[in-house]
Each structure stands twice: as C-alpha cells, then as structure tokens.
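Per TrEMBL, the features are:
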- 15-39: compositional bias 'Acidic residues' (COMPBIAS)
- 56-71: compositional bias 'Acidic residues' (COMPBIAS)
- 185-195: compositional bias 'Basic and acidic residues' (COMPBIAS)
- 196-206: compositional bias 'Basic residues' (COMPBIAS)
- 207-228: compositional bias 'Basic and acidic residues' (COMPBIAS)
- 250-264: compositional bias 'Gly residues' (COMPBIAS)
- 265-281: compositional bias 'Basic and acidic residues' (COMPBIAS)
- 295-305: compositional bias 'Polar residues' (COMPBIAS)
- 314-333: compositional bias 'Gly residues' (COMPBIAS)
- 336-346: compositional bias 'Basic residues' (COMPBIAS)
- 1-73: region 'Disordered' (REGION)
- 185-346: region 'Disordered' (REGION)
Amino acid sequence: MGKKRTSKARTGALDPDELLALEEEDEFAKELAAAEEMEREQALSRTIDSTGNGDFLDEDGDKDEDEDEEALQPRPRVFINNQKGLLQMLGQIESENGSRPWPETMDVCQFPLLLNDVHDDLVRETAFYRVALAGIKEARARLVQYQVPYKRPEDFFCDMLKSDDHMARVKDRLLFEQKKMTAVEERRKQQENRKFSKALKSHKAKEKTEDKKKTLEAVNQWKKDRAQRGGGQGLLEDDDGFDRILAGRSPGGRFGAGAAGRGEGGGRHDNSRRLSKDKKYGFGGPKRKLKQADTKSLNDFSTFNPKKGKTFGSRGGRGGKKGGGGAKKGGNRPGKTTRQKMRSKR
C-alpha cells in the first residue's frame, strides 16, 4: 500500500494532503521498527546473575522482581499424621516377629536403660556399656541355642580389600623406592669417599712438598755451616753433620755445637741411681768393641803404627812400597758417599 502510494506520489497523481498523511505513516512505521529492535537487543543483553542461581538481570542490573516475589512466598507444608496406618503397620511387624524364628531377626533390645541422672556423663556411659554387654551375652546364648555359628573357622581366609594385582603393584613400588634410596645412599658414600681420597692425596702431596722444602733448607744450612767451619773437618764428620741436619738436629748435637756428645758432657747429667744401674746392667747391647768404629776412634791415629804389618819383598806385599796397599800416614777415611761410589765401581 505504502509503496503503491509512494509510486503514485512520484508520478504526481496524489494531492498534497494525501502525500502528508503518507509521510506521517512512514515515520510511525520507522519508530515502531526501532522500538522492536530495541526490545530484541534488551532481550539479548540480559545476563545470568553472578550468584549462579539462574536469575537474569535487566538493563539496570536488577533481578527480576516477579521471580523474587515468587521465591519469597512461603510454600505450604503438608502434614500427614495417619495414626490408623501407623498402628496397623506396628501390629503387622509385631505379628511377623512373633511368628518368625529368632535367628532371622536377632532381636535383643529388651533391656531397659535405668538412669537416675541423665546429665551425669560417667553414669550414662556406664549404663550404655552394661546394656550392650547384656545384649551380647543374651545373643551369644541364643546363638548357641539355635546352633548358629558365630566364630570364624580356623581355615577361613577372607578376601583382601585390594586385589592381588594392586598389591603386586604396591610391592613393586615399595621395592623401587627402597632401591632408589639404596642407590642414593651408595652415591652419597661414593662422593664422600671420593672427597676423602682427594683430601688425603692433597695432604700427602703437601707433606711431600714440605719434606722436600725442609730437606733443601737442611742442605743449605749444612753448606753454610761447612763454609763457616772452613771445611777443615774430615769427610766422616761432614757426613755425620749432614745426617744430623736431615734428622732435624744441629750439626754439633741436639743443643748446638756446644753439645758435642753425651759422652763428653754435652748431654744431661745423670743422677747416682742412673749411674749405678748403668754400671750394673750396662747400656744394652754387646759390650765388646764398644769404643770402636766411632767418629773419635776413626780419626784417632795416636796408636797407629805405619810400620806394623808391612813386608819388604820383591813382589810387593800388602804394605810394601811396590804393592802400594798400605794407607798413607795421616790420611782420612773417605766419606759415606765416596765409599758407596767405590763399592759400586767394584
């Protein structure tokens, strides 16, 4: 209709009044369509309430008033007290219990609970215990009377709550945990042993370095002492001094050059008891040739006779001039190192 009128108006067949009425109808139709569109948008914009109860919110965020009013209205409660039916069921139960044998019901609730003061906790709990004990005794007597077994047989094996497969998995899990703990403990012990070995090796290397350092210092000290003495002593005395230095003592003895030896007054003074025991028992070891083969006896040539033991012959004996076997007068004994070299050459 509107399109036809519009087409007629375009052709100029309608009057101005009719054209104005058509324009008003078109505006009303547009407003009606806009209102319907707005209602649809409002319906789509409704959301569920944040409480999760399924309540919808309107455009302003308020609950639906109608639903709230329905929820607030009290619901009528229906009370049913059918005394006739209850009494009928009670009589039926009593008649059935009277006709049935006791093992089917096992009713032992005929013991009264006698309490003088229901607010006394100790008395009340004691009464509960006595009633339960009396019921157990009565039930046991009736079970024996009706020949109902109430004890577990000796060959009874109850089913496990867990299946065998489940228990096998539990066992495997426990064994795995145990092996894991054992492996961790072994690894920890190995780490500790490795650390200890490393520390021990480092300690040994440190001791070796310190010993080497002390030896070098002792050699240098021996060289200084020998240079200060001018090298006038014999080779044996030099070796003895070097051995003392290596042992951590001074060349002259324990307390320095002033203490030449215990036998010459350089050591501590012995008391009379010590002297008497030494005189009676000795110093230990063999007493023969006690004063031979020491530094003093080797360097003492006062009793040496160069002519003794010499033979004068053409073949040149041990002590002859041609043989050259005798030692020269005033010669010193070679040192320890020199003697070792001479033995190695042989």
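Residue numbers in this text run from 1 along the chain shown.
The backbone N, Cα and C atoms fix where each Cβ goes, and this holds for glycine too.
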Item to check | For the compositional bias 'Basic and acidic residues' (207-228), the number of residues DSSP places in helix, strand and coil | outcome: 22 helix, 0 strand, 0 coil
Item to check | DSSP helix/strand/coil residue counts for the compositional bias 'Acidic residues' (15-39) | outcome: 24 helix, 0 strand, 1 coil
Checklist entry - Within the compositional bias 'Basic residues' (336-346), how many residues are helix, strand or coil going by DSSP? => result 10 helix, 0 strand, 1 coil
